[in-house]
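Q: Dumping the structure here so I can ask a few things about it.
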Amino acid sequence: MATSNTDQAFKISVSESQIHELKVKLDLIRFPDELEDAGWAYGSPLKDVQRLVAYWKSGYSWREHEKHINDTLPQFTKDISVDGFGTLNIHFVHQKSSVQNAIPLLFVHGWPGSFLEVTKILPLLTAASKQYPSFHVVALSLPGYGFSEAPKQKGFGLFQYAEVCNKLMIELGYTEYVAQGGDWGYYITRALGHKFSKNCRAVHSNMPRGSPPKFIHNPVLFLQHALVPYSEAEKAGFARSAWFLGPGFGYRQQQSTQPQTLGYSLSDSPAGLLAWIYEKLRNWTDDYRWTDDEILTWVSIYWFSRAGPAATTRIYYEVETAKERDIITKPINNIPLGFSYFPRELVVTPRSWARTLGNVVFESTHASGGHFAAHEKPTILVDDIRQMFGKGGPANHVIPHKSGFDHGLKAKL
Amino acid sequence: MTSTSPVSYKLAIPENDLQALKSKLAATRFPDELEGVQWDYGVPLADMKRLVRYWQDGYDWRRHETHINETFPQFTIDIEVDGFGVLNIHHVHQRSKNEHAIPLLFSHGWPGHFMEAAKIIPLLTNPPSGAPAFHVVAWSLPGFGFSDAPKKPGFNMAKMAEAGHKLMLALGYSEYVVQGGDWGSSISRQVARLYGGKHCKAVHVNMLSMAPIQPSKNPLLWLQHISTPFSEEEKRMVARTNMFRDKGLGYFHEQSSQPQTLSYGLADSPVGLLAWVYEKLHNWTDNYPFTDDEILDWISVYWFSKAGPGASLRIYYENLRTNPLENGRHEPIYSVPIGFSIFPQELVYVSKANRLLVGNLVYESSHSAGGHFAAFERPEDLVGDLREFHGIGGKAYGVVKGLTGYADD
C-alpha cells in the first residue's frame, strides 16, 4: 500500500472469504464439557457460549452490523510513521463538531475494547450547545487492533502507542488536543501526558490507578491519606480490586508472558475467542445488559481484525517486560488530569492514591458503572468530560481558542 | 459398560473423530507473529505450521493407538468416590512375571497422561536380576485421558487420592507404593497422608511443591535456610524457579480461576490445544528432543480424551482456590518412607532446609540431566532411583508385606 499523508475514507468491508471461513469453523465447533450447576464460577458458561455460537451461525448478520457501523461512524485510514517501527496504517473514526472552536479530543480504547466504544459518546461529545462544550472527536483503532496495522517488531510499548496517537492528531491538524481513555487508554494517555504534553494538553480517564502516597514524594497527600479514612465506596472498591488482582488476573498473567501461545486458539477458534472476551464483557461491567448482537459485534471486530486477535494481546507483554506501568505512574504536573470513578471498575483506586498521579483537577465518583464506561454510562461519562472542560470547569480553556463554544460565546473564566 | 471388576480395554478412537480433526486442521487459521522472537512470546509460528501440516497429512494416530494397545494391557473399572458417584477409571495394569513384585501406582499430572509411564513400565516390571520388580498401574486421572471426569465441583486432592487408593484396592492390592511428578506428586503424597501406613507403604516423587518456610512457624529451620549458601547447581535451579514464577505461570493462574473460559479454545482448536501443551513439553523438559510423532502422540491423548481437554484443567481450580497451607496439602508425612529424585530442569527447586518439612524424607537422589517429565525424559534414572529406594538395602525395602520385588521371598 502506498504511504499517504492524507486521510483515506474507509468503510469496513470484511471479505466474503473471511465470512465463509468463519461459517465453516462455526459448523465444525466442538464444545467442552462443564460441571453441573457451575454457573459463572469456572468461567463463561457453556449454555451462554452455545447460544451465542448458534446465533452467530444463523441469525446474526455481520453485514448488517458492518453497514450500521459504516453508516454511523465516519472512518478513515492514514499512514503514521513510528520511530524504529516503520509506517503503520492507522484506522480511526473522525467526527468534527459543527462548533468551529470545538475542543479536539482523542478517545483511546483498550483490551478487549475497540474504536466501537466511542459510538454512544460520539453524538454527545460533538453536539453543539450553549451550556456545555463541544468536541471534535478522533477515536483510533490502536495498532494491532480493529482495522489498524500491527507492528511487526518487538518492543512496541506505551510510548510507541502514544507516538501514533500524537502524530495522528497533529496530522489531522490538531496540534493541541485533549485525551480520554480507560484500560490501555489510561496507560497510553499517561504516556501522552509524560512525553507529548506540548500537544496533549489534558487527560481524562475512567480508570485511574496509582499507589498509596509516600511521605517522601507527597507529604501532604501522605498525611491526608493517613488521617482521612477511606469512604464506603473506596472500601467496597478494595473487594473489587482484590477480585481483579486475584482470581480475575489469569488472562493478564498469560497475555503478559506467553501471548503467542494463547494466540493460536484465539485466532483459530471462534468459540475460544468468544468465550475469552465474553467473560470480560460480563465480569468487568456493572450488570450491563449486553444483547447477543452487541456481544457478537464486539467479538467480530476481534475475529475480523486486520492483524488477527493474537496481535491485540502483545501490548501486555511489551508493557510488562519494559515495566512501563511503573514509569507512567510518575506524576504529571504540567497538564490538568481528570478522573471519573466507577464502582465496578477493575481496580477501584482510592482518590488519595490517584492524586499521586499529578495535577488532578477533576474528580467525580459514581454509584454505578464498570470498566467500559463509554459504553455502559455514556451520558455520565460525557457529563464529566463536559464539566471538566466546560465553563467554570477546572480545565476550561486548556487549549487557547478552543473553548468548545462558537465565537461570541466567551467562556466565563 | 459399568463393572466393579476390571474390563479389558483397547483404545479405538472412532473414525468420525479422526475425520473431524482432519477437517478442523484443514481449516486452521494461524495468527501472525513478530519478527525474530523465537520462543520469547510463546510457541513459534513455524513450529505450529510444521506440526499442523504433519498432523493433517502425515501423522498416523492409528499407528500410535495400535502400539499402545499391543504393548500395554489396558483396563477400565468403576470406582465409587464418596460424593461423586461412580467414575469409570482407565488404566494400564502391567504385572511383572515375578509374583512378588511390588505393586506401584504411577500418577501423571498436567499436561501429562498415562503413557508418560511407557518407558518405565518395561524397566520396572522386567528388571535385571538383583533389581526389584514392580507390578505397575498407570492410571488416567479422573478428568484425563480415557477416564471419566467428575461432574460436580469439589473434586480436590483428597478425592483424587481416594480414587487412586480405591483403584489399587479394586485391583487386589491392599498394600502398594506410589510414584508421581507434577499433580501426580501431590496425589501420591495425599494418598500417603490419607492411607499411609495401612495401605500406602511408601511414596516416591520427582517433584515437590512445598510451602515456603515461615520464620514464625519454624524459626530455626528458617535461619538455617537463609544462612546456608546455595551451591552453583542449586543457584541454577533457583534461577529456573524464579524464571518459572515470573514468566511461566500464566497457564497456572488462568486454569486455577477460569478454566471453563480457557476450555472452549482448547476443545475446539487443534492448533490451540497443540500450542498450549507443546509449550510445556518444550519449556519444562531438559532439551528433550521430541519428534513430531511424540508431540502429536502426546497431544492426541488430550484431543481425543474421554471428557475433552477442558476437563483436565479443573484440577488446578479444585485444588488452588483454597490455600494449600490451610487444606492440608503441605502437611509433613511421617507414616511412610518418602523418596525424592531431583532433576536439574525441574520447574521448582526446594532447598535442603525446606525439604526437612516433607516429613520422613529418607531418600534423595540428584541427577545431572532431566526435567519435569522425568519418567519420559530420563526413564533409566528414575527407575534406577526406584530400584535403590525399594531394593535390598534401600530405605523402602520390603515395605509391602511379602512383596519385596525379588523372586525368592
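Each Cβ is built from the backbone N, Cα and C atoms, and glycine gets one as well.
Keep in mind it's a predicted model, so treat the numbers as computed, not measured.
Okay, so TrEMBL annotates it like this:
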DOMAIN    A:8-118  domain 'Epoxide hydrolase N-terminal'
ACT_SITE  A:Asp183  active site, nucleophile
ACT_SITE  A:Tyr316  active site, proton donor
ACT_SITE  A:His371  active site, proton acceptor
Q: Between A:His371 (active site, proton acceptor) and A:Tyr316 (active site, proton donor), what is the CA-CA distance rounded to a whole number of Å?
A: 17
Q: Looking only at C-alpha atoms, tell me how far A:Tyr316 (active site, proton donor) is from A:Asp183 (active site, nucleophile), rounded to the nearest Å.
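A: The Cα atom of A:Tyr316 (active site, proton donor) is 11 Å away from the Cα atom of A:Asp183 (active site, nucleophile).
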Q: Could you give the mean pLDDT over the domain 'Epoxide hydrolase N-terminal' (A:8-118), rounded to a whole number?
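A: The answer is 98, the mean pLDDT of the model over that range.
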Q: How many neighbouring Cβ atoms, not counting its own, are there within 10 Å of the Cβ of the residue listed as 'active site, nucleophile'?
A: 24
